[in-house]
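The structure under discussion appears below in the form of structure tokens.
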Amino acid sequence: MIKHNLVSDLRRLFIDFFVKNGHQFFPSSQLVIKDDPSLLFTNAGMVQFKQRFTSVDDRSINTAVSSQKCLRVGGKHNDLENVGHTNRHHTFFEMLGNFSFGSYFKERAIELAWDFVTKELALDKKRLYITVYHDDQDAFNLWKKISSFSDDKIIKIKTNDNFWSMGNVGPCGPCSEIFYDYGESVKGGLPGTPEEDGARFTEIWNLVFMEYNRTEEGELSVLPRKCIDTGMGLERIAAVMQGVHDNYDINLFKALIAMSKKESGNSSCEIAHRVIADHVRSAAFLIAEGLTPGNEGRDYILRRIIRRAARYVYMLKYTDSLMYKIFPVLIDETSNAYMADYYPELFKAKDLIISILKTEEENFKDTLVRALPLLEKELTYLSTGDVLSGDIIFRLYDTYGFPVDITLDIIKERGIRFDEKGFYDNMEQQKTRSRLSHLIKSTEQLNGKIWEDIRQNYNNTRFVGYDNFQVQSKILSMVMNNDRNVTVANVGDKVSILMDITPFYAEAGGQQADTGLLSVVRRDGKDLFGSSNIADVTNTKNIFDGLYIHECIVKSGSLIIGDIVSAEINSHRRKDLCANHSATHLLHYILRMEIDNNIMQKGSLVGNDKLRFDFSYNMALTEKQIKLIENRMCDLIRQNHPVETNICNLQNAMDNGAIALFTEKYDNHEVRVVNIGNSKELCCGTHVKYTGEIGCFKIISESSIACGIRRIEAVTGQYAIDYFRQQEKVLYQVAESVKSPVEDVLVQIDKINRENQELKQKLWAAYFDIIDMQGVNIEKIGNINFLHGTLSSVPIDVVRKFIMKRLVKDMIMLFSNVVNHNKIYVVGVGNSLHSKVKAADFVKIIGCVVKSKGGGNAQLAQISTEYIAEVDVIQHIKDELVSIFNA
């Protein structure tokens, strides 16, 4: 019998019950599925066990229990627009589940479920109802036997709500649900009735009996190993146990909502607080797993969640950032919303979560301030049932960056409809403009219309560059100066060339394009030996997903449409590109293995001279970590692992552990997998044949490029050797400069620094003497000591240090100083006076006199001006002091 009904208590009770009944406990898998680009986020408890359901041979684990983090935003399962408006929808939720992989089936699954809800949770049986699939008489009979329910409490459902499948083909089976009756005070009817959408009867547990396999023809056959997959929403069962029929009234959400109301100072607009509470939790978990707000894929989902919450913060008329102030409730042990005990990643990433929530919300406030008044103006002309023009919605999105889903939220609240056709017509026009713009950009002002016309006449270029550095190819089309078709290109002409076959890799996946030569070997059916008709290939682009455009400069002779050319890439450059690309894969692998398994690639650039790798991580790498990465890389290079590529379907690649970037688009049927030791990635780039060809590896920089995103730059092969030589050269130059042997350079530099510091101290003391000699005037104004003086050619940092050293709590100091024809005023105010006046206040007063602006804080501030005419600034300050302190 349960003694406590907090969310954390219920989670522990569920897990303990099934462990006691022979199930192996599995921690929650991540929301971000790194090896499955077909799924945005984990959206059900069974996701981490996918392969166990489909593998007949894997019998290492027969049963499991978990409490799984889930997110339903985007894709098939998208609850975002309902969040805050209903009692039970969330973006993030936890799914309690028990699973059997051929161990037990219907009867045992039903027994366990019934024992848990009636004995462990002690729910009133009178309030429970059961649904089964209408054809599943077996489940009906078992429920009747185990629960002793009458027929009217076991409801047969004919719709697919009670038949579950993993997809259009594959494992599937009937399911059975347990419903809880909140009583007549809540509206709603029994499952299967017209009133079933009400809140009275709430599904609390779904038991899936996976016993069939569906073929592509839709036929069902019995699985050789029958499985059980169950799911109980933790928030839903918490609502039942806490005697509320609204998930937002459970202890966890009450704590989050209370903090939202407290920090915002606004207790009205309940929907806003519910949305904010839900979205803070979702965003925190996503950031903890390495996501950062962006414009593509999963990163955009995170941005979308934060921005949607920011809009509701704006509705509360709260002008500061709010979300980052609510998040700490989730990691506060004394809070009812404490989740960091079961999910320690929240505490580990707390600084990053706070930083990203604050920054992203602040940035979006500007968009809200600009766009919302325009939307509000348009809505004043509309009434309930009217339609908001798609042109307006698109303009808000395109011009102001105002998310469409937020616009839809706003108009939905007012009963105004969405002009879907008008909006998507605008989007299609924009896509067309964008596609042409991309063509123009990708081929240096290339006329996109010309290439669209060419595209209609030719098939995709056949790329053979993985295995060939040189091939013979036919020139099919040429565009001169990016604006006209030509049949001949002569010396000096810049021409974009389409050929039927090419070894030139076009820029993709972060790897730069190949360069090389085209030499005419046959013209008009005649072989040309020692041809002088040559063009340099300076760049290669892949447009229309398959048309390779070679940007060339004719160096000698001419090129004519129909010519057969020897197309040869710069092999030395290609080998450098291959080395850097393979090293990039290994770097990604090492970062995840040695630094943090949550690290995700955020971008890369593979050049011939260096590589650049951007990744999610919330702190700078230490010197020790960088050394570890370099050592592991050198180990992998010395081990000379073969680099293997294979083509397979996407699902097979994922099942074998290949990593895919969610921002990339992959063919559902065929993908290219690059295997380097234990590193497996989907990749279309070029690579070395053995890791030994990388030669050597050196990280040359590690830095932050955005909140939560780090960047590593590195060199390999000859470029790494050149880097070492350059560093060695600098070291010898430094040794010569400080007159020391190389091995003693650090000792000598340390000695020089100490001597320099001693001299600096003497210099500061001398400057202080100069200030004293140039004249420091002391006046008493009431109880205040006012020190002021006029200086000449004293460094400004010396003046600031002088003030900070001499300033006492009841003193105000003001010095003017002429430096490089500018007059600079520096003001200091003692701590005890800050309640009445601050240094920055005096700078504003001076600014009004000398027509300039300055800045500072309560204790120290300064202002610079070219206005050097004699103005009695001192007298203005004295008058102000008399006024402030009533002297």
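Using N, Cα and C of the backbone, Cβ positions are placed for all residues, glycine too.
Listed in sequence order, Gly509, His581, His585, Arg672, Val673, Val674 are the same-chain residues six or more apart from Cys683 (Zn(2+) binding site) with CB atoms under 8 A from its CB. Annotation source Swiss-Prot lists Zn(2+) binding site at His581, His585, Cys683, His687.
In the three-state DSSP reading, His585 (Zn(2+) binding site) counts as helix. The Cβ of His687 (Zn(2+) binding site) lies under 8 Å from the Cβ of Cys578, His581, Ser582, His585, Val643, Thr645, Val674, Ile676, each on the same chain and at least six residues away in sequence. Around the Cβ of His585 (Zn(2+) binding site), 26 further Cβ atoms fall within 10 Å across all displayed protein chains. A 10 Å cutoff on Cβ-Cβ distances gives His581 (Zn(2+) binding site) a total of 27 other Cβ atoms nearby, all chains included.
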